[in-house]
């Protein structure tokens, strides 16, 4: 028997294949467009940034990620980051620039609420450790930092619970340490951060004392 012709010419078949390929590509493209975007990290969603993206030469020495602190054991995970609220970024960049060629060392930045609770349980004295409340302020809001100058004599170490740790202390603090503290204050003030009179290393950004919702964002 003679073969029955399909009635579909070669050029038409090629055209149909091209149409199918175009449609398949369109469907695939729509699938990509419709895919949900990756969720922001908790830190980014809370407006927190890694200080090393702000101050490229910063030395991050988070004491609460080590046993070298007043409680004697780590309160942060070993891979903790120094996080600050994004509103602090321009000020910290300006402070670091004013201090160069010396370098800022960050001892503490954003602090989760549960860590603040554990600190106050260890030292329940509001003169030295802020009493945790129903709102986030200062470190808990990522709007305060504890800093020093790399390699400089500042008169005391971090979290030295003595009168020598007062920002403007003179008794028991050498003239060179007093000058270094003044230099640190001047640099931080260039960026709009003010020293806490009770601790020479603690600086508050604008609005640090305002009550805000508790974040409880992981530091790592």
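Every residue gets a Cβ built from N, Cα and C, even glycine.
Sequence-distant neighbours of residue 199 (active site, proton donor/acceptor) (same chain, six or more apart, CB under 8 Å from its CB) are 146, 165, 166, 167, listed in sequence order. When secondary structure is read from DSSP and collapsed to three states, residue 199 (active site, proton donor/acceptor) falls in the strand class. TrEMBL lists 199 with the feature active site, proton donor/acceptor.
Per TrEMBL, the feature Zn(2+) binding site maps to 139, 146, 202.
According to TrEMBL, the site 'Transition state stabilizer' annotation covers 111. When secondary structure is read from DSSP and collapsed to three states, residue 111 (site 'Transition state stabilizer') falls in the coil class. Using a 10 Å radius centred on the Cβ of residue 111 (site 'Transition state stabilizer') and all shown protein chains, the other Cβ atoms total 26.
The secondary structure of residue 139 (Zn(2+) binding site), as reduced to three states from DSSP, is helical. Residue 111 (site 'Transition state stabilizer') sits 5 Å from residue 139 (Zn(2+) binding site), taking the CA atoms of both as reference points.
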